[in-house]
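Chemist: Structure provided below as structure tokens; questions to follow.
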Amino acid sequence: MNWGVFEGLLSGVNKYSTAFGRIWLSLVFIFRLLVYVVAAERVWSDDHKDFDCNTRQPGCGNVCYDHFFPVSHIRLWALQLILVTCPSLLVIMHVAYREAKQQKHRATVGDDCRHVYSNPGKKRGGLWWTYLLSLIFKAGVDVVFLYIFYRFYRNYTLPRLVKCELPPCPNVVDCFISRPTEKNIFTLFMVVTACICVVLSLVEATYLVGKR
């Protein structure tokens with residue numbers, strides 16, 4: 001990852017965000033993205049390899065693992081983080097479009113012309129709607145993924161032991177998950193931070209509407 005480019009994007013997002021938006025961005029970057037990159041990926045790196053079933057029947061372990069882990073936590077979190085940060089980049093692109101339009105107008109008419117936008121970064125008109133919709137989209141993405149996690153992994157927890165009787169398993173097979181307690185702690189942490197981000201997005205949207 002090019003951290004210089006990423007730092008520039010964060011600076012741009014912070015520049016056009018409200019105080020609530022800056023708190024949201026810090027929470028996503030420190031408590032979600034860094035935790036994901038530094039720790040969570042390593043915790044789930046051995047989930048398939050160390051999924052042990054008390055049978056040597058070929059294919060039984062793979063079938064049972066696919067049944068109880070249809071989508072890996074890591075891949076779901078990666079997709080969630082990508083989708084939840086994209087709307088903030090759309091706000092930067094909208095501001096960049098305004099600035100480019102302003103420069104083009106100035107080059108055509110001259111420096112003494114009336115500005116198309118008095119302040120391209122001020123949240124008015126279309127930019128206000130872009131920013132508001134980005135907040136709603138971010139909150140919606142987190143809510144959808146919280147629901148997906150709940151459907152796949154009931155109560156967001158992983159059991160120590162699962163019983164599988166799917167073909168080609170010869171009978172009811174006991175399968176053991178690798179490091180379930182550690183994984184449950186990380187899952188709970190990510191769920192709580194996602195809930196806080198949803199609240200912050202809704203509070204910021206309410207603040208934005210009330211201020212207007």
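Backbone N, Cα and C define each Cβ position, glycine as well.
Source: prediction; values computed, not measured.
Sharing the features that TrEMBL gives for it:
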{"type": "TRANSMEM", "residues": "20-39", "note": "transmembrane segment"}
{"type": "DOMAIN", "residues": "42-75", "note": "domain 'Connexin N-terminal'"}
{"type": "TRANSMEM", "residues": "77-97", "note": "transmembrane segment"}
{"type": "TRANSMEM", "residues": "128-150", "note": "transmembrane segment"}
{"type": "DOMAIN", "residues": "141-208", "note": "domain 'Connexin cysteine-rich'"}
{"type": "TRANSMEM", "residues": "185-209", "note": "transmembrane segment"}
Chemist: May I ask which of the stretches 77-97, 128-150, 185-209 has the most CB pairs under 8 A with the transmembrane segment (20-39)?
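Modeler: Between the candidates 77-97, 128-150, 185-209, the best contact partner of the transmembrane segment (20-39) is 185-209.
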Chemist: I'm checking region-level scores; what's the whole-number mean pLDDT for the domain 'Connexin cysteine-rich' (141-208)?
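Modeler: When the pLDDT values over the domain 'Connexin cysteine-rich' (141-208) are averaged, the result is 89.
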Chemist: What residues elsewhere in the chain lie close to the domain 'Connexin N-terminal' (42-75), defined as a C-beta under 8 angstroms and at least 6 residues from its ends?
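Modeler: Cβ under 8 Å, 6 or more out: 36, 149, 152-153, 162, 164, 166-170, 173-179, 182-183, 186-187.
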